[in-house]
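TrEMBL lists 3-60 with the feature domain 'Rhomboid protease N-terminal'. Residues or ranges marked as domain 'Peptidase S54 rhomboid' by TrEMBL: 144-284. Taken from TrEMBL, the feature transmembrane segment applies to 83-104, 116-133, 153-172, 184-203, 209-226, 233-251, 257-283.
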């Protein structure tokens, strides 16, 4: 354990402690001789935590939503229910997209109900025997079906497909909402979702039945990676995770994933999604510098 900060006993550190918890920072707070002492488990997070604490002191880091959770815990009958409601209030956009994906999976029977699926693909299609007759992208605008530009990200075609994507959405989405904002998370999903869909469609115009949130997942990953490189920001994502996902991206261009149950993989959506997330983070860092302390 590393001794990092000492503050007066009357200073309330609960909201800051909750913030550190959701950042993945292992710590504890003890009281010694009328002082509160903040201890860190690992030394490599010393600079980042000190930076956050200075931002709190200067009013640069808003902990009001964490304080609200502490001051107004939801009146639920069980502790586990209280925790669930609290987490939803902290990560509303991540929870929102989780619910939409699960709802669409139920409505489409995980892609087996083609009548419903046809309303959510990038362009409309009709099955004639074993052949797919697809509309053009121009028809999307002519018929004002603008939701199709985004809706394929909510389509999934198997349990492994949706479980894998939703786990990564939960892991990455809540970190982005927690560190940046829910509004940014929402805009990021829309930006990456549209570009990954468009890229996949342009590469497979003769087969418009594609879908999945994995292009967005790669966008979230790319966003976190570039933000960590360009700004004084930590999403507490091990480098091994970045490497694993990049290796998974490369494997997708082979037939291995289809063999183990993931079906045909929308590789272009993954690649475009990753690049779109990196681009989003680069522009955010360029036009929204927020890693300087101002007191």
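Residue numbers in this text run from 1 along the chain shown.
Note that Cβ sites are derived from N, Cα and C of the backbone, with glycine treated the same way.
Within its own chain, the transmembrane segment (184-203) is flanked in space by residues 93-94, 97, 122-123, 137, 149-150, 152-153, 173, 176-177, 210, 215-216, 218-220, 223, 266, 268-273, 276-277, 280, 284, which lie at least six positions past its ends and keep a Cβ under 8 Å from the stretch. Nonlocal intrachain contacts for the transmembrane segment (116-133), taken as residues 6+ away from its ends with a CB within less than 8 angstroms of a stretch CB, comprise 104, 107-109, 139-140, 145, 147-149, 151-152, 154-155, 197-198, 200-201, 206-211. Listed by sequence, the residues of this chain that lie at least six past the ends of the transmembrane segment (209-226) yet keep a Cβ under 8 A from its Cβ atoms are 97, 101, 111, 117, 120-122, 125, 132, 152-157, 161-162, 164-166, 168-169, 172-173, 175-176, 188-189, 191-193, 196-197, 200-201, 235, 237, 241-242, 245, 249, 266, 269-278, 280-282, 285. Helix, strand and coil counts under DSSP for the domain 'Peptidase S54 rhomboid' (144-284) come to 104 helix, 0 strand, 37 coil. Confidence over the domain 'Peptidase S54 rhomboid' (144-284), given as mean pLDDT on the 0 to 100 scale, stands at 89.
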